[in-house]
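Over in TrEMBL, the protein carries these features:
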DOMAIN    23-416  domain 'Major facilitator superfamily (MFS) profile'
TRANSMEM  21-40  transmembrane segment
TRANSMEM  63-84  transmembrane segment
TRANSMEM  91-110  transmembrane segment
TRANSMEM  116-137  transmembrane segment
TRANSMEM  149-169  transmembrane segment
TRANSMEM  181-202  transmembrane segment
TRANSMEM  266-291  transmembrane segment
TRANSMEM  303-325  transmembrane segment
TRANSMEM  332-353  transmembrane segment
TRANSMEM  359-378  transmembrane segment
TRANSMEM  390-408  transmembrane segment
Amino acid sequence: MGRRDPEEGQLPAPVKPPDGGWGWIVLFGCFVITGFSYAFPKAVSVYFKELMKDFHVGYSDTAWISSIMLAMLYGTGPVCSIMVNQFGCRPVMLIGGLLASAGMILASFTTNIIELYLTAGVLTGLGMALNFQPSLIMLGTYFDKRRPLANGLAAAGSPVFLSSLSPLGQVLLEKFGWRGGFLIMGGLLLNCCTCGAVMRPLDMGMKRKMEKTQDKYEAKEMLPIGGKSEEGISTTDGTKKTKKTKKKTKKGKKLLDFSIFSNRGFIIYTISKFILVLGLFVPPILLVNYAKDTGVPDTEAAFLLSIIGFIDIFARPACGMVAGLKWVRPHVAYLFSFAMLFNGLTDICSARASNYTGLVIFCVFFGISYGMVGALQFEVLMAIVGSQKFSSAIGLVLLIEAFAVLIGPPSAGTYV
C-alpha cells in the first residue's frame, strides 16, 4: 500500500466521468456504505433498553454510543481526506471495513458502558468513516450529468438499511440477546470490505491502454527500420517526460486544501449544516426508547424507524431526480434550504405526538424532510466547491459537524 498515483481517488482534469458503465457498480457500493454509515448508529438504538438494564445507566448514557459513532463518522473527515489523498480510496475502505466489524465484535464482550463507547462507538465509527467519505469521492468521479440522481440513489441506502436493520436488530435481541446481536451485526459490517474492493479507479483502463501503446513502440524500437525506430524512441522519451511531470504533481499535491475557506458559499453551507445537525439525528436515536416508555410494545416501537426508512426510500431518489432537472439544478441550493426548514418545522410539531398514531404521522413527515436533506447535502457541497476540492471540503465539513453530532442527542436525552 505505497503512495498512490494522483489519479486514484480523485479525478484528473482530462478524464470525463462516464455517467454509467462500472459507475453503476460503484453506485451500488456507495448505496451499501451509506446505508451502514447512517442507519447503523440509529438501528443500534433498539438495544439501548437492554443496555440500560444491564449497565444501570440512563437515556443520555446510552445515547452517547450512537453519538460517538456519528461523531467519529463526521469528526475524522480531515484524517480520512489525507489518507485518501495519500493511498487512494480502495485501500482506505478495506481497512475501514475491518475496523467497523472488529468494533462491534469486541463490543459484544464488553462489561461496562465505557468499553462500549470505545468499541462500538470509537472503533466502529472510525471504520465507517473510512468507508463513507471515499465512497462519495468515487461516486463523484464516475458521475457528472447524472450526479444528482446518483447521489439520490446512493443516499437511499440510509432508509433502506434503517427500515431493515431496526427490525432485524429487534429479532436478534429477542433470540440472542444484545451480545449475540452485536456479534452478528459485526459480521454484517464485513460487507463494507466487499464494497471497497469494487471501487476501481476511473482511469485504470486508460493506464492499461497507455501501457499497451508503449509496448508497441518498444517493439518497433527493436526493429531495424530507421523512421519507425526514431518514432519509437521519441515516444519513449515523451513517456518519460510524462512520468516526470506526474512525479512533480505528486510531490506538489496538497493533502488537505484549506483554501476553500475563502469561498463564502462554503462558509454559509458549513454554518447552516452545523445548526441543522444539532437536532437532525435526535428523533431517530431517541424515538424507539421514547415510544417504549409511553407504553408502545417493543416490536411496534422498532417499527417506527422502519416507517421513517420506508418513506425515506422514496423521498431521496425522487428529490435527486427533481434536483437533476435543467431548470432546478442551477437553483439546487434553494431546494436544500427548503429541505432544512421543512425538517426543523417537523421536529417542532413532533411535540404534539402523544400517542402511537401521532408518532406514526410524525415519522411520515420526518422521513420526507430527512430524505430531502440526505439527497441534496453532498450535491450542494460539490456544486459549491467543485469536484477537485470535494475531497478536502467534505472532510472539513464533517469535522465541524462532528461537534454538533456529539452534543445533540445526549443533550436531548437529558430532557426525555
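Cβ coordinates come from backbone N, Cα and C, glycine included.
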Contact count check, CB pairs under 8 angstroms to the transmembrane segment (303-325), set 149-169, 181-202, 266-291, 332-353, 390-408; argmax is 149-169
List, by number or range, the same-chain residues at least 6 past the transmembrane segment (149-169) whose CB is under 8 A from its CB atoms?
23, 27, 30-40, 42-44, 46-47, 135-136, 139, 142-143, 181, 185, 284, 288, 299, 302-303, 305-313, 315-321, 323-324, 367, 371, 374-376, 378-379
Candidate ranges 181-202, 332-353, 390-408 - greatest C-beta contact count to the transmembrane segment (266-291) (under 8 angstroms)
390-408
For the transmembrane segment (359-378), which partner among 21-40, 63-84, 181-202, 332-353, 390-408 gives the most CB pairs under 8 Å?
332-353
Looking at the stretches 21-40, 63-84, 390-408, which one shares the most CB pairs under 8 Å with the transmembrane segment (181-202)?
21-40
Can you give the mean pLDDT for the domain 'Major facilitator superfamily (MFS) profile' (23-416), rounded to a whole number?
79
Range from 21-40, 332-353, 390-408 with the greatest count of C-beta pairs under 8 A to the transmembrane segment (63-84)
390-408
